[in-house]
Amino acid sequence: MLRVEEGGGDGKDSAKKVETAVHVAGEETQVEVKTRSKRVAALDAFRGLTIVLMILVDDAGGAYERIDHSPWNGCTLADFVMPFFLFIVGVAVALALKRIPKVSEAIKKVVVRTLKLLFWGLLLQGGYSHAPDDLSYGVDMKHIRWCGILQRIALVYFVVALIEILTTKLRPTIIGSGPFAIFSAYYWQWIGGLIAFVLYMVLIFTLYVPDWSFVLHNPGDVNDGKRFTVQCGVRGHLGPACNAVGYVDRQVWGINHLYSQPVWIRSKDCTDSSSSMGPLRKDAPSWCLAPFEPEGLLSSISAILSGVIGVHYGHVLIHFKVHSERLKQWLLMGFGLLICGIILHFTNAIPINKQLYSFSYVCFTAGAAGIVFSAFYILIDLWSLRMPFLFLEWIGMNSMLVFVMAAEGIFPAFVNGWYYETPKKSLVHWIHEHVFVNVWHSERLGTLLYVIFAEIVFWAVVAGILHRLGIYWKL
């Protein structure tokens, strides 16, 4: 839904009342706060940064595959996008649900927004939309993909928001002075996170994964229609073939409803070109061609922790009014989580793994999110260096619009629909080829510059204009 808001939207509060707009993965909830405090611009900037990173790694990752998702263990630039989304969802939930006049109404709004996120997730990533290059629409229901980015955000948002609403009467008005007072004051949120953590850890290390098989569906491939068998018969395996995350998704959703192009095909087991895309090795295991769901059910349960940590950062913002106190809480937790994740990874206890959403991955990325958010808070809200980050704020304020139009390719697909003779002769392809690739005599550099200027800068300008007009797309 598009809504037009009156006023200049300069981020300053009136003396009596201010409307604080908090976007949750592109949606917006509202809470009226009687305060003279300025709107925390770091929230919008952080959300905008996450959208920018997503556009960059999705559209330039093919040219610079080192910024694309890690083939298995490890963490690249692309692997920060999802946990950063969930982190800022948690922060926004804490602020949006600071005051709840009526519990039933709040639950109803959360349920409706969750369903909207699920709908958009299925529409954009379920296989119905083939944007931007394929101008056809439609999906075979036998192969629809049930999971995706917005579906995971919907689950995490629903859980953390529901806990926040149902514990509203247990919230303290004043936080004690102890170092763990903020944690004990919101213990139900941490209990919810603990339940998700225990459930995930128990299942991933104890669930028995039997042998399984799949039929390759890839028209034009020499192996199309061929059935492959993957031998497992193990418990607690954290490799690509026989982990509990994949097993749960195959059992719950069905193997034909999983993501058909997992990044593990760029792993050393599958290609000699790792971590770039290359031909399969002659001795490549059969699972290299198998589907795998990176936003699956079990890994999404682990992802709830990212949202819970974000909620904690929001609680700190609410209860601590002094900048130094906020930053001390945020940075101590941020660096603590970061170090914990690094230790777990390099001791081989629990490798950092985005596909499994491992506990070390939660710690490492949530710690990084906390540190980046703190840095934005210092630069933008404390030192008032707002101008260099305005484009991120604008994108963050209209995050759902930019996500759908740019990150999911709906706008370039619309432009591609107006072509001359063939779909490859459209304005988008002409700009990419003649303005960037041919000028720089490099496909890789031309693609990177196209993404930066024709996508990120373009949508920053559009979002800035819409912000000045008071127009935002909200769920």
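Counting begins at 1 with the first residue displayed.
Using the three backbone atoms N, Cα and C, a Cβ is placed for every residue, glycine included.
Please treat TrEMBL annotations as automatic predictions, because they have not gone through curation.
Taken straight from TrEMBL:
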type	residues	note
DOMAIN	39-182	domain 'Heparan-alpha-glucosaminide N-acetyltransferase catalytic'
TRANSMEM	77-98	transmembrane segment
TRANSMEM	110-129	transmembrane segment
TRANSMEM	149-166	transmembrane segment
TRANSMEM	187-209	transmembrane segment
TRANSMEM	297-318	transmembrane segment
TRANSMEM	330-350	transmembrane segment
TRANSMEM	356-380	transmembrane segment
TRANSMEM	401-420	transmembrane segment
TRANSMEM	447-466	transmembrane segment
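The helix, strand and coil residue counts that DSSP assigns across the domain 'Heparan-alpha-glucosaminide N-acetyltransferase catalytic' (39-182) are 86 helix, 4 strand, 54 coil.
Same-chain residues lying 6+ beyond the ends of the transmembrane segment (330-350) with a Cβ under 8 Å from its Cβ atoms: 73, 238, 309, 312-313, 316, 358-371, 373-374, 377. Count of Cβ pairs under 8 Å against the transmembrane segment (297-318): among 77-98, 110-129, 149-166, 356-380, 401-420, the largest is for 77-98.
The transmembrane segment (77-98) makes contact with the transmembrane segment (356-380), as judged by at least three Cβ pairs under 8 Å among residues 6 or more apart in sequence.
In this chain, the transmembrane segment (149-166) lies apart from the transmembrane segment (356-380): fewer than three C-beta pairs between them fall below 8 angstroms, excluding pairs fewer than 6 positions apart. Outside the transmembrane segment (401-420) by six or more residues, the chain places 25-26, 51, 54-55, 58, 120, 124-125, 129, 131-133, 135, 395, 426-429, 455-456, 459, 462-463, 466, 472-473 with a CB less than 8 A from a CB of the stretch.
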